[in-house]
Amino acid sequence: MTQRSISILGATGSIGSSTLDLIRRNRDKWRVVALTAHSRVDELASLAREFDAELAVISDEKRLPDLRDALSGSNVEIACGAAALCDAAARPADMVVAAIVGCAGLAPTMAAIEQGTTIALANKEALVSAGDILMSSVAENGATLLPTDSEHNAIFQCLAGNSSREVRSITLTASGGPFRSWSSEQLNAATREQALKHPNWDMGAKITVDSATMMNKGLEFIEAHHLFPVGLDRLRIIVHPQSVVHSMVEYRDGSTLAQLGPSDMRVPIASCLAWPQRMDTPCDRLDLAQIGSLTFEAPDEVRFPATRLAREAVEAGGAAPAILNAANEVAVEAFLADRIRFTEIAALVAQALSAAMPPPPTTLAEVLAIDRDARRRASDILERV
Ligand code: NAD
Ligand code: MG
């Protein structure tokens, strides 16, 4: 493989660290262009030095002087703020890893798409809020979107070489999270610490809470709808507590292809980094005899209404998915700050979606305005409870 250049948006997060772990093991194959982070200056600076990055961007503007100190004497260019994030994403690179959490990653992801490069997309919230707009921009700019989310990466692998016309259904698997077998009463009393203990995956705080509410699977349902447009009626969700089967594609002849692997995000990330080839990873090998049995069950949308809310939002289309996402981000933050109960997360999202809908957005600026308004309204609702 000839050396390729790469930028990582959200370099200090869980996905960013896993990506850099793989690059660290293959230093000669990659040249690092830009690394970005929100506020962790020291980590960003030490990564920029270690990987000899061209550019380091901190989005929190107040931290620029600290970044300057931390990188003094190095050749790394520095910048700060939201516009600088987009500049970093637009800087020519063979691959951009979009691993910022939340709608904050939308504009930088769009900037990466507009340079027509290959994007390893982990930032699912961007696709949820602005899926139609992002996907048309991918087509217009000849960009390549490689799904990094484990389920979508599995589907991408299972679809390889087949036309989506041959697909009868696509099934996303869900671990069910830490509260899979909890009663409604128990869910009401679920704490932040309990929600942050995912049984199978080690991830950032926001997605870990999303996994506990099952909103993660709701967001992934919308993500799958944009990445693999086979029709909403062909998309399914099944609970699979072992997280070994990462998703499945059923073809019209009755064949179902599944992708299996350890619960380690370095597997789907490696599949993006090496695509269309393969690379070695240090991940545990799958030992099915040791695992013994794989089980599957239907999701329970009474205890976990989030997947229903997401399906209704994507069916409604227009502004609804962006509002669902914005309200969820506000609610998860409030839950993590011990301001609301676990079950109030989905309740807040439902309430946000029941307000009058703005007209369907057609530009990125309109999506961002809908996102801002929905956040303000969700925060107002929180003030009242
Ligand atoms: P994380 O919280 O560990 O890291 C988030 C990164 O984004 C950090 O580098 C942080 O500095 C940056 N960031 C946070 N807020 C920002 C802001 N307002 N502006 C700019 N940058 C900001 O999150 P993560 O778990 O790595 O998840 C990243 C994305 O990948 C999410 O969209 C998540 O849903 C998706 N994803 C994560 C996993 C996983 O295993 N962690 C799996 C599948 C998908
Ligand atoms: Mg996933």
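Just so you know, the numbers here start at 1 and follow the chain as drawn.
Placement of Cβ uses the backbone N, Cα and C atoms for every residue, glycine included.
Listed in TrEMBL for this protein:
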- 6-131: domain '1-deoxy-D-xylulose 5-phosphate reductoisomerase N-terminal' (DOMAIN)
- THR12, GLY13, SER14, ILE15, ASN123, GLU125, GLY204: NADPH binding site (BINDING)
- LYS124, SER150, GLU151, SER175, HIS198, SER211, ASN216, LYS217, GLU220: 1-deoxy-D-xylulose 5-phosphate binding site (BINDING)
- 145-228: domain '1-deoxy-D-xylulose 5-phosphate reductoisomerase C-terminal' (DOMAIN)
- ASP149, GLU151, GLU220: Mn(2+) binding site (BINDING)
- 260-376: domain 'DXP reductoisomerase C-terminal' (DOMAIN)
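Neighbours of ASP149 (Mn(2+) binding site), defined as other CB atoms within 10 A of its CB across all chains, total 27.
Checking the binding-site residues ASN123, ASP149, GLU151 against ligand 2, the ones whose Cβ sits under 6 Å from it are ASP149, GLU151. LYS124 (1-deoxy-D-xylulose 5-phosphate binding site) counts 29 other C-beta atoms within 10 Å of its own C-beta, drawing on all protein chains shown. Secondary structure at SER14 (NADPH binding site), as computed by DSSP, is helix. Among the binding-site residues ILE15, ASN123, HIS198, ASN216, GLU220, residues whose Cβ is positioned under 6 Å from ligand 1 are identified as ILE15, ASN123.
If you count neighbouring Cβ atoms within 10 Å for each of the binding-site residues GLY13, GLY204, the highest count belongs to GLY13. Over all protein chains present, the Cβ of THR12 (NADPH binding site) has 22 other Cβ atoms lying within 10 Å. Straight-line distance linking the Cα atoms of GLU125 (NADPH binding site) and GLU151 (1-deoxy-D-xylulose 5-phosphate binding site), rounded to a whole number, equals 15 Å. In the three-state DSSP scheme, ASP149 (Mn(2+) binding site) is classed as coil.
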